[in-house]
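Presented below is the structure to which this report refers.
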Amino acid sequence: MSKSSLKIAIAGLGTVGGGTVQLLHDQAQLLAARAGRPLTLVGAAALEKPTGLPLDGVPFFTDARVMARDCDYDVLVELIGGAGGIALDVVRTALERGRSVVTANKAMIAHHGTELAQIAEAKGGTIGFEASVGGGIPIIKSLREGLAANRVTKVMGILNGTCNYILTTMRESGRDFADVLAEAQKLGYAEADPTFDIDGIDTAHKLAILVSLAFSAPIDLDGVSCEGIRHVSALDIRYADELGYRIKLLGVAAQTDTGIEARVYPAMVPLSFPLAHVSGPFNAIVTEGDFVGRTVLEGRGAGARPTASAVVADLMDLALGRTIPTFGVPVAALKAQPAAASGAHRSAYYIRLMVKDQPGVFADIAAALRDEQVSMEQVIQRGRAPEETVPVVMTVHETVESSMLRAVERLKALGSVADLQLIRIENL
Ligand SMILES: NC(=O)c1ccc[n+]([C@@H]2O[C@H](COP(=O)([O-])OP(=O)(O)OC[C@H]3O[C@@H](n4cnc5c(N)ncnc54)[C@H](O)[C@@H]3O)[C@@H](O)[C@H]2O)c1
Ligand SMILES: N[C@@H](CCO)C(=O)O
Ligand code: NA
């Protein structure tokens, strides 16, 4: 006896929605064979009906709210975007109707995930959000299922394809930031508002989701500190190369004795580091678990086809009746934890100072570092330009963050220092 099809309504037909419609069409036979039932589109909504997508015979809606409310579907796929607004409305409507939801919307999950999981639990639906973190990389499934036997102690990753594309292309081509960002937008990697990418907000959304899954805690976006890549200059990228590092925007979360540490920041990573060679729009995530040790997952973090691959993986779980609580455990079992004590983090650092080229400057810099017990490792200063500022670049040994920040204040207060750039050096 053949099973009934999984009825899918899709809201949003842009980069990811278009890719998803195409995948459901191109792989229809393979999906039906694996799921034991067809996956059928019963509705599609967007501001305008795109041409060139295989949507013949699929009812089209310009109002996604109407589709969410009236259409007869098993699962609503939300690919509109935005933390609230229409995306949240259609998702709430579907869940309230006892239907399931699949979404790529990390902003919405990071802001409203716990509340939505509660509705899903109460009404008998589920929420799939594999596409929301790491694009096509199965990191949600990995944390929620594959690593379920472990206490996870650390999750660290390159989680934003746009930033990684910008940093990689700037390094390889010497092109400037704005030019490369425009290219990432054209390729469909960037968010509708690309400041979400470059200011680290998108990475923070994704890290908040990973923290919840890894440490069984309710989503806490406010608990993620966030620094983007706007201030990373071509000069720093060149010095990183010379010193044997790559600059990467990282999301890093760890379980510490005092609570959860969750941070987004650009860091220099040594070439031997598992994330150093991850380039272009690729993402990668390193996890550490108490029994499994380290695992590393790498793949395409953005773009139509990889992201559609993750959306449809969630649809396959639904078609097969494989369901699991949204964050791995029922909402009532999620336990909030305090944020780790600030300033206690230890790491090495890269410092670039723009200084006036005059006698005594270096002694002042050395004294500022000495006074805060910060120990220098390498120093690069070359060129001579008595009328201008010149770069002095240093790396310092592992030091407590609070000492490093006090030393930075001392350095900034020196009359000879015109500018200062501080970048963490990350190691595992
Ligand atoms: N682009 C990527 O590589 C990527 C990867 C992972 C996750 N995501 C996420 O996927 C989601 C979609 O991103 P995208 O890049 O496909 O966006 P997009 O801008 O390419 O597409 C958005 C779609 O939503 C539709 N839409 C917008 N407002 C609407 C409204 N009021 N009513 C009905 N439809 C409306 C648009 O017509 C369009 O079809 C976002 O949450 C994004 O963060 C994107
Ligand atoms: N704007 C996001 C899309 C994938 O989530 C990125 O560049 O990674
Ligand atoms: Na994913």
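Placement of Cβ uses the backbone N, Cα and C atoms for every residue, glycine included.
Listed in TrEMBL for this protein:
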| type | residues | note |
| --- | --- | --- |
| BINDING | ALA11, GLY12, LEU13, GLY14, THR15, VAL16, GLY17, GLY18 | NADP(+) binding site |
| BINDING | LYS106 | NADPH binding site |
| BINDING | GLU191 | L-homoserine binding site |
| ACT_SITE | LYS206 | active site, proton donor |
| DOMAIN | 350-425 | domain 'ACT' |
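Within 10 Å of the C-beta atom of VAL16 (NADP(+) binding site) sit 29 other C-beta atoms, taking all shown protein chains into account. Residues ALA11, GLY12, LEU13, GLY14, THR15, VAL16, GLY17, GLY18 make up the record's NADP(+) site, and a Cβ search at 8 Å around their centroid adds ILE10, GLY19, THR20, VAL21, ALA46, LEU79, ILE80 from the same chain. Less than 6 Å separates the Cβ from ligand 1 in the case of GLY14, drawn from the recorded positions GLY14, GLY18, LYS206 in sequence order. Shown are the binding-site residues GLY12, GLY14, GLY17, GLY18; of these, the residue with the fewest other Cβ atoms within 10 Å is GLY14.
Taking the Cβ of THR15 (NADP(+) binding site) as centre and 10 Å as the limit, one finds 21 other Cβ atoms among all the protein chains shown.
Looking at ALA11, LEU13, the binding-site residues in this record, the fewest other C-beta atoms within 10 angstroms of the C-beta turn up around LEU13. Non-local neighbourhood of LYS106 (NADPH binding site): PHE129, SER132, VAL133, ASP202, HIS205, LYS206, ILE209, each in the same chain, at least six residues away, with C-beta under 8 Å from its C-beta. For LYS206 (active site, proton donor), other Cβ atoms within 10 Å of its Cβ number 27.
Helix, strand and coil counts from DSSP across the domain 'ACT' (350-425) read 24 helix, 34 strand, 18 coil.
Not one of the recorded positions listed as ALA11, GLY14, THR15, LYS206 brings a Cβ under 6 Å of any atom of ligand 2. Following the DSSP three-state reduction, the secondary structure of ALA11 (NADP(+) binding site) is strand.
Computed over the domain 'ACT' (350-425), the whole-number mean pLDDT of the model equals 93.
Taking all protein chains in view, 20 other C-beta atoms sit within 10 angstroms of the C-beta of GLU191 (L-homoserine binding site). Taken residue by residue with DSSP, the residue listed as 'L-homoserine binding site' is part of neither helix nor strand, so it is coil.
In the three-state DSSP reading, LYS206 (active site, proton donor) counts as helix.
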